[in-house]
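Novice: If you scroll down you'll find the structure; I have some questions about it.
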Amino acid sequence: MGSQSDWPTMREAADMLDQLGVAYEKRIVSAHRTPDRLWDYGKGAAARGLQVIIAGAGGAAHLPGMMASKTRLPVIGVPVQTKALAGVDSLYSILQMPRGYPVATMAIGGAGAANAGLMAAGILALQDADLAARLDAWRAALSASIPEEPVDE
Ligand code: RP5
């Protein structure tokens, strides 16, 4: 994530990975404030054995796109909600990548972060049958929790 201030949002991705038993690391890597850290992280990611990167940032959210420029690993982008423009700035910054350097962009905010965790798990599950079974069980439990009829609140 680009800042400590992104953590309340990005924790939703981490919580999802915890639920699914997926190992991960969490780092603050800012495209603007720590560009050398971004460079090193992206350059070494695949060689270190990372398989998917979830990158969340807000405002001029260049982290996911720059990360995608430095690694062939799949990069999942999370637009963090901003006060000034409600995260639309983050969304557009992450979404509009030039041809050749894709970022799989999620929805703005916590739902997007949680879905980033699920998307990462889905990618990893292609090569991990145990994880695939856990993901199937998670999805079935969510589906079973949805009532068929609404109630007065
Ligand atoms: C971005 O600037 C970060 O991803 C964060 O969403 C935003 C604001 O950062 P702070 O000023 O709160 O550190 O780089």
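Glycine is treated like the rest: Cβ placed from N, Cα and C.
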Novice: Please state which member of Arg27, Arg33 TrEMBL lists alongside Ser3, Asp6 for binding substrate.
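Specialist: Answer per TrEMBL: Arg33.
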Novice: For the binding-site residues Ser3, Asp6, Arg33, which one has the sparsest Cβ surroundings, going by other Cβ atoms within 10 Å?
Specialist: Arg33
Novice: List those of the binding-site residues Ser3, Asp6, Arg33 whose Cβ lies under 6 Å from any atom of ligand 1, in sequence order, or write none if there are none.
Specialist: Ser3, Asp6
Novice: Given the substrate binding site residues Ser3, Asp6, Arg33 in the record, what is the largest Cα to Cα distance, rounded to whole Å?
Specialist: 14
Novice: Taking the centroid of the Cβ atoms of Ser3, Asp6, Arg33 as the substrate site, which other residues of that chain lie with their Cβ within 8 Å of it, listed in sequence order?
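Specialist: Surrounding the site, in chain order, are Met1, Gly2, Gln4, Ser5, Ile28, Ser30, Ala57, Gly58.
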